[in-house]
Amino acid sequence: MAREKFERNKPHVNIGTIGHVDHGKTTLTAAITNVLAKKGQAQAQDYGDIDGAPEERERGITINTAHVEYETEGRHYAHVDCPGHADYVKNMITGAAQMDGAILVCAATDGPMAQTKEHILLAKQVGVPALVVALNKCDMVDDEEIIELVEMEIRELLDSYDFPGDDIPIVQVSGLKALEGDSNWESKIEELMKAVDASIPEPEREIDKPFLMAIEDVFSITGRGTVATGRIERGKVKVGEEVEIVGIRDTRLTTVTGVEMFRKLLDEGMAGDNVGLLLRGVQKEDIERGMVLVKKGSITPHTKFEGEVYVLKKEEGGRHTPFFAGYRPQFYIRTTDVTGQITAFTSDDGANVEMVMPGDRIKMTGELICPVAIEQGMRFAIREGGRTIGAGVVSKIIE
């Protein structure tokens, strides 16, 4: 019974394939499932299964993404693969597919190309912590020297984007040959997965991080006090614990005197729970949607940040016209809209950009009118009159 084995409790890791168009990301993904299927650790999928990915909507943006799952000896993986370059950009920026690590696929026949660079930069900007390189199509290159040169070029490129180029494993593979059942190339896929197991760190579980809950609603209950409701994003909170209310106004301290879920009282709430927290000494008018409750001292509010942004095309429901530095949209952060100004745009090479068109990916500097609990790696939407016109991720906190 292979089915039982599949449900063993292994640590779960989210990964994906990234890299230039036609370098073989989807073929490699199919090859991984086929090689692991022979050990009963995956369901074999062919190129067509993965390439015909259904459309999904994430924050009002349509993205095509294929999801496959498989196991290695020590882990369970969820793996995302996107058919088009624009899908990758949207996926990584919206965090629709949060990646704990990625397999960078680069063809030995071409070496690193424009999107290879762009995906490495994006991985850095959105906080993908680790990469493993699959040097694909190695069956088509006879000259060992060419392969060595391409490897050197990839390592230098990784270094230039602050990834540890010397330490990242580069495994020579052929997705196509492995799919065809060539045992030499199948063993290379196994080698690749061993490198992924070893080099992509296990993500810290949300429950082990410091407590944070974004406030969605506030009620006042006669005789009991004020209750803030929301979904606990990370960590846990116990009755009697001190927490801080952060964002929009000055940070203040309060004590959680009750945790309630589905009208039942709990001793503690934890990551993923939708709860109501009863707060001591707080009036209903003191707190509002958009503030967060956090473990004391774990987070400070900010107003100025850099972000990597994808601007929606007209067909995606975005703007029809370009905008310029000085543009004042709403930033939808966690649970609320905050007005802000985009003070500057810069391109990948650091040059200032005057005008941004629908469909562009751009780096921006934003300034909010009031301090909010923003953090590096956090996702946000840019909205105008209630409709989403862009999606972004905080790449750096300025102040």
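The backbone N, Cα and C atoms fix where each Cβ goes, and this holds for glycine too.
Small disclaimer: the values here were computed from a predicted structure and weren't measured.
According to Swiss-Prot, the features are:
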DOMAIN    10-204  domain 'tr-type G'
BINDING   19-26, 81-85, 136-139  GTP binding site
REGION    19-26  region 'G1'
BINDING   T26  Mg(2+) binding site
REGION    60-64  region 'G2'
REGION    81-84  region 'G3'
REGION    136-139  region 'G4'
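Location within the structure of each feature annotated in Swiss-Prot.
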residue	record	Cβ contacts under 8 Å, 6 or more apart
G19	GTP binding site	K25, L104, V105, C106, Q115, T116, H119
D22	GTP binding site	A107
T26	Mg(2+) binding site	T17, Y47, I50, D51, A66, D81, P83
C82	GTP binding site	G16, A53, I63, N64, T65, A66, Y88, N91
H85	GTP binding site	V21, Q115, E118
C138	GTP binding site	A108, I147, Q172, V173, S174, K188
Under a three-state reading of DSSP, tell me whether K25 (GTP binding site) is helix, strand or coil.
helix
When the region 'G2' (60-64) is classified with DSSP, how many of its residues are helical, how many are strand and how many are coil?
0 helix, 4 strand, 1 coil
I'd like the per-state residue tally for the region 'G3' (81-84) from DSSP, helix first, then strand, then coil.
0 helix, 1 strand, 3 coil
Simplified to three states, DSSP reports H85 (GTP binding site) as helix
Have a look around K25 (GTP binding site) and count the other CB atoms within 10 A of its CB, chains all included.
27
Grab the pLDDT values for the region 'G1' (19-26) and give me their mean, rounded.
96
